[in-house]
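Reading through the structure tokens given below for one structure.
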């Protein structure tokens, strides 16, 4: 038989047993929560273990796996993504923004090697693509501003010429200044006279002096200073004459001056490539070459030199002449100068004057690629020797 509850409903087997109203105060029994909606449950819950030990619940021990911590990546990548997302969001807002930009070019290198694409940003600001990465610190050199006094002091130091540029410089003969042929350069400078311009006196009708009664008054003369007396007694200064241009000197005048002066002077004498004279004899054996014939026999053939090579060997040069007197200089009454080399006559004329310095240097080379250079003197004049064709033709017709 099944028992019913207070409400008259049958109880299910194995379910919680209904409590009676009279059993509310029993010890160790927890009443079931009332089903009436108007009643609240008790604040303190009752224990059904009847004072026994609580049952332990066992939980499995899970072994935690150790994971090796990897170094964190730089946060700059996230920052770049955030900046790009912001730029994309900004481009979408507003009117006329975020439009695609098209750049047309004919070649790859048309914009130049250092030209970079520029992206249009907000607030009408151009942003380089290179600026999208992490910002780098740029050290800007600060220029020091000079005051007016420092600038004036630098100019004074530049204008100075009373100091030695090299403090360790010593007086050495090898460091002497170069001499240039500017002895007649004084005519380039203009000198002004200190005396005021005096108008020339024009001769006119002679005027008669008017007779005037001279009063008998004597003027007392004051003593003069020594400087004034010295100026009065000093002779007048001679007027400086500006040197004129150097005169064109003929060969005859030059040779006469050189014969009268005691100082020795070097002359540059230009001679023809080929000189009259006998070239030195050279014992040269003929060159023989072996040629194999059709029959297999070897034949020796002498090779003769070309005509030009023979003429070059028969020519006489200055190096082929012996040391000593080469010829004679003849000075005619007309001023013509000739050089006699055996039976050949050469005309001697003045060469073109040089505007630079010429020196005769003797160079002596050693075996170990070293040598010495000795300056023998300055060369001031140049003489050119050319063949006299009239005398050559007369000598040929004879």
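Note that Cβ sites are derived from N, Cα and C of the backbone, with glycine treated the same way.
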According to Swiss-Prot, which residue out of 17, 99 bears the annotation omega-N-methylarginine? 99
Pick from 118, 206, 218, 333: which does Swiss-Prot describe as SUMO2 cross-link? 206
Per Swiss-Prot record, range annotated region 'Disordered' [choices 120-144, 145-169, 170-194, 220-244]: 220-244
May I ask you to name which of 310, 328, 382 Swiss-Prot has annotated as SUMO2 cross-link? 310
Rounded to the nearest angstrom, how far is the Cα of residue 396 (SUMO2 cross-link) from the Cα of residue 160 (SUMO2 cross-link)? 72
Since the record lists 68, 160, 396 as recorded sites, which of them has the fewest other Cβ atoms within 10 Å of its Cβ? 68
